[in-house]
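Undergrad: Starting off with a structure, shown below.
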Amino acid sequence: QTQLLGVLLAAASNFLISVSLNIQKCAHLRLACQAEPKPYYTSKLWWCGITLLGLGDVGNFTAYGFAPVALVAPLGSVSVIGSAFISVLFLKKTMRAADILGGTLTVTGTYLLVTFAPNVPQELTARRVQNYLVSWPFLVYSILEIIIFCILLYFYKRKAVKHIVVLLMMVALLASLTVIAVKAVASMITLSAKGKMQLTYPVFYIMIVLMATSCAFQVKFLNQAMHLYEATAVVPINFVFFTTSAIISGVIFYREFQSAALLSVFMFLFGCLLSFLGVFVIARNKKEEHLQIPFIDCGHIPGQKLTGKIQPDSHSSRYGTLNNEDDSVKSK
C-alpha cells in the first residue's frame, strides 16, 4: 500500500509536469509572435507553467518518500505520453500513428518496470545516508559525474554548443544528484513524522542544499532546451536521460538491486528498453512547424487571433521580423 501511494503520486505529478512544459512552450511561442519580443520571465503564462512544474516536483518529492528510486523514476513516462497528447489539443499538433505506437510501447515498458522494480523496504536513516555518502562506489560515481559535467559545461559556455543532447545530459547529471538528495530528505522527514527524529543530523541539511542547488540548475538548462527545441522532442529525450541516471544513482547509492532475482533484473531492463524505444518512436521526425513553411503563420500561435500569413518583403528593412496585422495593412 505504501508503494502504491508512491506510484500514484508519481504518476499524477508527472502528468502535471507535462502540462506545465507545454504551457511554457506556449508562452515562448506567444512572445516570439510579438513585434517586440520580451524576456520569457515577464510572461504570466510562463510563470503559470513554472508554478505547475513546481507542484509536480513537490508531488514527485513526496513519492520518493514512499517508494524506491527505481520505481518512481520510470513513471516519468507519464509526462512523455501526456505531452504527446496534450500538444495535439493545446499546441495544435497532429496526432500520428507513431505517437500511438510509441505510447503503447511506453505503457507496456512502464508496466514491466513497475511490476519488476525492487521491493526492498528499508528505513533510510540519517546514519545510513552518511555511510552511503562515504562509500567508495558513490565516490567514484561522483568523480566521473563531475568530470563529464565539466566537459559538457565547457562546450556549452566556451564553444556555444547548445545541442539538445548537451543540454539534457547536463540536466540528467544534475538530476541524479537531485534524486539521491530527494530520496534521502523525503525518507528522513517521513521517519521523523513517525517519531524517529532524523532532522537533527547535519546530513539532512546537506542534502537539502544539494537538492535545492541541483534543482535550480536543472530548471535553467531545461528551460533553455524548451526555448530552443520542440516540447515533444525535449520531454521524451529528457525522460530517457533522467530515468537512466536515476536508476544508476539508485543502484549505486541506495543499492536497490542488491538482493534482486536475476529474472526480475532482466524483466526490469527489458521494460527500460521498451520504454526508451517508445519515447524514441514518439520523438522521431518531430520538427518545428515554422521551419517547414516559408511564411510566418501567426494563426497557429495559441492565444493569437491573427489568421493572415505574413511574408515580409525581402527587400525591405523589416524582412525577417514579426509584423502585426496593422503594420502589414499600412505597408500595403
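Quick reminder: no glycine exception, Cβ is built from N, Cα and C everywhere.
Not my notes, these are from TrEMBL:
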- 313-323: compositional bias 'Polar residues' (COMPBIAS)
- 311-332: region 'Disordered' (REGION)
- 6-24: transmembrane segment (TRANSMEM)
- 45-66: transmembrane segment (TRANSMEM)
- 72-91: transmembrane segment (TRANSMEM)
- 98-118: transmembrane segment (TRANSMEM)
- 138-156: transmembrane segment (TRANSMEM)
- 163-191: transmembrane segment (TRANSMEM)
- 203-222: transmembrane segment (TRANSMEM)
- 234-254: transmembrane segment (TRANSMEM)
- 260-283: transmembrane segment (TRANSMEM)
Undergrad: To the transmembrane segment (72-91), which of 45-66, 203-222, 234-254 is linked by the most Cβ pairs under 8 Å?
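TA: If we count Cβ pairs closer than 8 Å to the transmembrane segment (72-91), 234-254 scores highest.
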Undergrad: Are there 3 or more C-beta pairs under 8 Å linking the transmembrane segment (163-191) with the transmembrane segment (45-66), counting only pairs at least 6 apart in sequence?
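TA: In contact, yes.
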Undergrad: What else in the chain is close to the transmembrane segment (234-254), if you only count residues 6 or more beyond its ends and a Cβ gap under 8 Å?
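TA: Tertiary neighbours of the transmembrane segment (234-254) are 18, 21, 68-70, 73-74, 76-77, 79-80, 83, 124, 132, 137-138, 141, 164-165, 168-169, 171-173, 175-177, 179-180, 183, 222, 225-226, 272, 275-276, 279-280, 282-283.
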Undergrad: Which residues, given as numbers and ranges, are at least 6 beyond the ends of the transmembrane segment (163-191) yet have a Cβ under 8 Å from it?
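TA: Result: 60-62, 64-66, 69, 73, 123-126, 129, 145, 148-149, 152-153, 155-156, 198-199, 201, 203-204, 207-208, 210-211, 214-215, 217-218, 221-222, 224-225, 228-229, 233-234, 237-238, 241-242, 244-246, 248-250, 253-254.
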Undergrad: Near the transmembrane segment (98-118), which residues from the same chain, at least 6 beyond its ends, have a CB less than 8 A from one of its CBs?
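TA: Tertiary neighbours of the transmembrane segment (98-118) are 7, 68, 70-71, 74-75, 77-78, 80-81, 84-85, 256-257, 260, 264-265, 267-268, 270-285.
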